[in-house]
Amino acid sequence: MRRDEIVEGDALHPGDPVVIDRYSTAARFNHWMTAASLVLLALSGLALFHPALYFLTGLFGGGSNTRAIHPWIGLFLFLGYMGLFFRFWKVNLWTPTDGTWLKKLHVFLIGHEEDMPEVGRYNFAQKAVFWWMGILIMISIASGLVIWEQYFAAYTTVDQKRWAVLIHSVAAIVMICIVIVHVYGALWARGTMTAMIKGRVTGGWAWRHHRKWLRELAADPKANRGTATPAE
Ligand code: HEM
């Protein structure tokens with residue numbers, strides 16, 4: 001099966017015979033590695049954030065282990081996101097349709113997606129998650145290095161560390177909120193998890209949520225190659 005063609009007869013759901021490849025195995029591995037890093041990073045970060053959450057250090061073998069592991073998980077998240085970035089940056093570029101879509105956001109939020117402008121591979125909200133996660137990960141890495149006592153204690157002043165802790169915490173909290181929205185969106189639109197688990201979606205899913213992308217694929221199956229790397 002060519003990964004970028006619309007395939008007949010390989011049903012994900014009975015009655016919906018058209019199946020479209022959306023993510024390669026490598027892209028899904030990259031995504032879930034990034035997602036796992038973020039969850040572990042949030043748990044270990046929250047454990048160090050407030051005494052009431054200190055019990056979470058139990059998951060990482062105690063306080064000092066949590067403190068030692070947390071920055072390394074951060075580097076893992078950074079690498080994972082860089083992989084996603086190079087795979088997906090092109091398809092997340094802004095198009096004029098995104099502006100029209102944003103203006104009608106309230107229509108989307110009350111569940112009338114059928115009245116929204118036709119969407120390409122990603123909608124405005126998905127693109128916003130993509131770019132904001134990138135910005136916040138950069139901010140977290142930069143501020144995290146300033147407060148990484150084990151290696152960089154000597155290079156920064158106490159004042160710089162205080163600012164860095166504040167910036168690091170705010171960025172982390174915003175990031176956690178964005179990921180909650182991302183996961184909610186993935187669960188809310190039925191069939192979206194299948195995209196990231198099996199790599200495929202139904203024609204019906206594409207018609208409902210990414211009709212412009214479906215039309216592009218129907219007109220030219222190679223349109224799925226609109227990314228830096230094929231079919232991702
Ligand atoms: C923690 C649980 C997570 C779940 C359940 C989840 C679920 C999903 C699903 C189902 C998709 C496919 C959406 C579609 O094809 O329309 C997706 C796409 C994506 N996810 Fe996640 N995700 C999670 C965490 C993350 C994290 C932590 C990041 C980044 C730091 C991330 C970045 C992305 C990116 C870049 C895409 C491709 C969409 C785009 O490029 O705009 N995800 N996710």
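Cβ atoms here come from the backbone N, Cα and C positions, even for glycine.
Taken from TrEMBL, the feature domain 'Cytochrome b561 bacterial/Ni-hydrogenase' covers 22-199.
The transmembrane segment annotation in TrEMBL covers 32-57 (among others).
Beyond its flanks by at least six residues, the transmembrane segment (69-89) meets 27, 30-31, 33-34, 37-38, 40-41, 44-45, 48, 60, 130, 133-134, 137, 140-141, 144, 148, 150, 227-229, 232 of its own chain at Cβ-Cβ distances under 8 Å. The transmembrane segment annotation in TrEMBL covers 69-89 (among others).
According to TrEMBL, the transmembrane segment annotation covers 129-151 (among others).
Marked as transmembrane segment by TrEMBL: 163-189 (among others). Same-chain residues lying 6+ beyond the ends of the transmembrane segment (163-189) with a Cβ under 8 Å from its Cβ atoms: 38, 42, 45, 49, 125-126, 129, 132-133, 136-137, 139-140, 143-144, 146-147, 156, 196, 205, 208-209.
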